[in-house]
Amino acid sequence: MVQFSEKFRGFLNDRWLVFVASMWVQSCSGIGYLFGSISPVIKSGMGYNQRQIALLGVAKDLGDAIGFLAGILCEVLPIWAVLFIGVVQNFVGYGVVWLIVAHKLPALPLWVLCVLIFIGTNGETYFNTGALVSCVQNFPKSRGPIVGILKGFAGLSGAILTQVYAMFNFPDQASLVFMVAVGPSIVITAVMFLVRPVGGHKQVRPSDHSSFLFIYSICVILAAYLLAVLLLQDLSSLNENVVIFLTIVLLILIVLPIIIPIFLVFFSEPRPVLEESLLPEPEKQESSRMGSFILSLSEVEDERSSEEDTLPSSERQKRIAHLQAKLYQAAAEGAVRVKRRKGPRRGEDFTLLQALVKADFWLIFLSLVLASGSGLTVIDNLGQMSQSLGYSNTHIFVSMISIWNFLGRVAGGYFSENIVKYYAYPRPVAMAAVQVVMAFALFFYAMGWPGSIYVVSVLIGLCYGAHWAIVPAAVSELFGLKSFGALYNFLTLASPAGSLIFSGVIASGIYDYQAKQQHEHRIQSSGLGLGVPLVVKDDFLTCYGSICYSLTMGIMSGLCIIAFILSMIVVHRTKRVYAQLYGKPLA
């Protein structure tokens, strides 16, 4: 009995249990991705036009991105308290929206709904920050896979919640908002005490690689299963019992990763565990050598020849150490004056204020504004885009883009990790690659080619998702883990910053203009407008055809090319940093 008690205590403090619990948190925390399904419900229930819906979308994006407080609180509060704050915000914000849309409360002004959606969606920042900070600290040497899988489940949450909603067979569409308020609150409250740093860098096992492969297998099976279920629901009419069965299988797949910590703690033979270093070994040695004052790297670089770039990493480190020793000796003899380093170098721990004066940080941010903002605009408007092309069931496309978003995050974390581990090449090169694909997808839709809605759903989902696996991992490498929560939440401002312009101004303005033109044309064609001054209101207008969004997509395609150029500049600037971090010679 005593042995079981010790094992159970070890189970509760196992880093794989924290990771699995964080996956469950993330699987219902991507509430913003359901806005494409929620917006038509609000639009019909409140009688809003497209511009008003776009303003609600911007409020949602701002709520999803402004996570400064969550990042700060993660450094002073336990993770469970941070998660609970998010639960309260989600329940109150979307709960009141449901009461209004369901007409259980009197209609309130648009700005009140904007505030409520901002509050409700802002709860996501607490869920994301708590889960990511805990797991990145527990798995410091596997940042790409960890971030990719966790952000992937957040992206998949739209499809998961949609399927659960279908199982309950609610009598009205407004109940979708009710489920968004209640479902995540119940799940996250149940597991919030499990999500926390547990000194995971001291729990390295030889089986970790196999455990990650198992998680990746579950991810692929889960995505394929959800896609098959969506196609089955789209092509045939399923009775309630079949829908319930399909949803239960889905929930089993989500719970299945719990096998890993159970097996490792209760059924595997005890083996010596290793420890992952939180800093690269060369940097640790360098820090111990330098003591209380550290020579600026640029001073050493000035005495290096260009031929040293082609030397093996170990030889370069020896030469740098030799040059540093010479400088120390000269400084001791008064021959040179050593300049104290002003702040950390890339690869060390930065505060948010220190990162904000670095060009690399702003280049990554601007690249995200253009590319991630374009992707978010597509996600927010996907319901109207499919409706304008004549598709009646918009939930299918919203769920489809959620699935590909999930796969993009998982794949982005996996492949970018291989790039840095095996080639020591900057992780942002993966971001540049997906931005080119995103530009192609947007151009495909702009041209009005057949099947464009499917191409956009797949490629934009993959590429947008990949951004949010690649960028957090890259930022943790370049600017450290100490203030990772604050750095990550600042970068998430990029999406709403882009969406504010692309969706709130460009997309909605062009949509309403085209809808008004089509409405005027229909009235004139029917002869109702002959001899009568034509007055057309913006309310209740719907645009039809690819023309509604083609110009918007063309503009965003060009912006993604600019984002690609910015990302490649980051790649060029950080080649040496990644070579030092991962101990590989430069190509």
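Even glycines carry a Cβ here, placed using N, Cα and C.
For 15-262, the entry in TrEMBL reads domain 'Nodulin-like'.
As annotated by TrEMBL, domain 'NFD4 C-terminal' applies to 356-515.
Annotation source TrEMBL lists transmembrane segment at 62-88 (among others).
Remote same-chain partners of the transmembrane segment (108-127), defined as residues 6 or more beyond its termini with a Cβ less than 8 Å from a stretch Cβ, comprise 25-26, 29-32, 42, 46, 48, 52, 55-56, 59-60, 62-67, 69-70, 73, 82-83, 85-90, 92-97, 100, 154, 180-181, 184, 188, 489, 492. Taken from TrEMBL, the feature transmembrane segment applies to 108-127 (among others).
The annotation transmembrane segment is assigned in TrEMBL to 148-168 (among others). Long-range contacts of the transmembrane segment (148-168) within the same chain, counting only residues at least 6 positions beyond its ends with a Cβ under 8 Å from a Cβ of the stretch, are 22-23, 26-31, 33-34, 36-37, 124, 127-128, 131-132, 135, 175-176, 179-180, 183-184, 215-216, 219, 222-223, 226, 229-230, 233, 243-244, 246-247, 250, 254, 395, 398-403, 405-414, 416-417, 461, 465, 468-469, 472-473.
Note on the transmembrane segment (174-199): residues 12-15, 17-18, 21-22, 24-25, 27-29, 31, 34, 37-38, 41-42, 45, 78-80, 83-84, 86-87, 90-91, 93-95, 97-98, 101-102, 120, 123, 127, 130-131, 133-134, 137-138, 161, 164-165, 168 of its chain, located 6 or more positions outside it, place their CB under 8 angstroms from a CB of the stretch. Taken from TrEMBL, the feature transmembrane segment applies to 174-199 (among others).
According to TrEMBL, the feature transmembrane segment maps to 211-232 (among others).
Annotation source TrEMBL lists transmembrane segment at 244-267 (among others).
What TrEMBL lists as transmembrane segment is 350-376 (among others).
What TrEMBL lists as transmembrane segment is 396-416 (among others).
According to TrEMBL, the feature transmembrane segment maps to 428-447 (among others).
According to TrEMBL, the feature transmembrane segment maps to 453-475 (among others). Below 8 angstroms of C-beta separation, residues 132, 136, 143-144, 147-148, 151-152, 155, 361, 364, 368, 371-372, 375-376, 378-379, 382, 385-386, 389, 391, 397, 400-413, 416-417, 426-428, 430-431, 434-435, 437-438, 440-442, 444-445, 484, 487-488, 491, 553 of the same chain, each at least six residues beyond the ends of the transmembrane segment (453-475), sit close to that stretch.
Counting only same-chain residues 6+ beyond the ends of the transmembrane segment (487-511), those with a CB under 8 A from a CB of the stretch are 50-51, 53-55, 57-58, 61-62, 64-68, 70-71, 125, 128-129, 132, 350, 352, 355-356, 364-366, 368-370, 372-377, 380-381, 384, 471-472, 475-476, 479, 543, 548-549, 551-552, 555-556, 559. Taken from TrEMBL, the feature transmembrane segment covers 487-511 (among others).
If you look up TrEMBL, you'll see 544-571 (among others) marked as transmembrane segment. For the transmembrane segment (544-571), same-chain residues at least 6 beyond its ends with a Cβ under 8 Å from one of its own Cβ atoms are 360, 363-364, 366-368, 370-371, 374, 377-378, 381, 384-385, 388-390, 425-426, 428-429, 431-432, 435-436, 438-440, 442-443, 445-448, 452, 456, 502, 506-507, 510-511, 514-515, 518.
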Report summary line: Under 8 Å Cβ-Cβ from the transmembrane segment (211-232), and at least six residues away from its ends along the same chain, one finds 16, 142, 145, 149, 152, 156, 159-160, 163, 205, 238, 246, 249-250, 253-254, 256-257, 259-260, 264, 396, 399-400, 403, 406-407, 410, 414
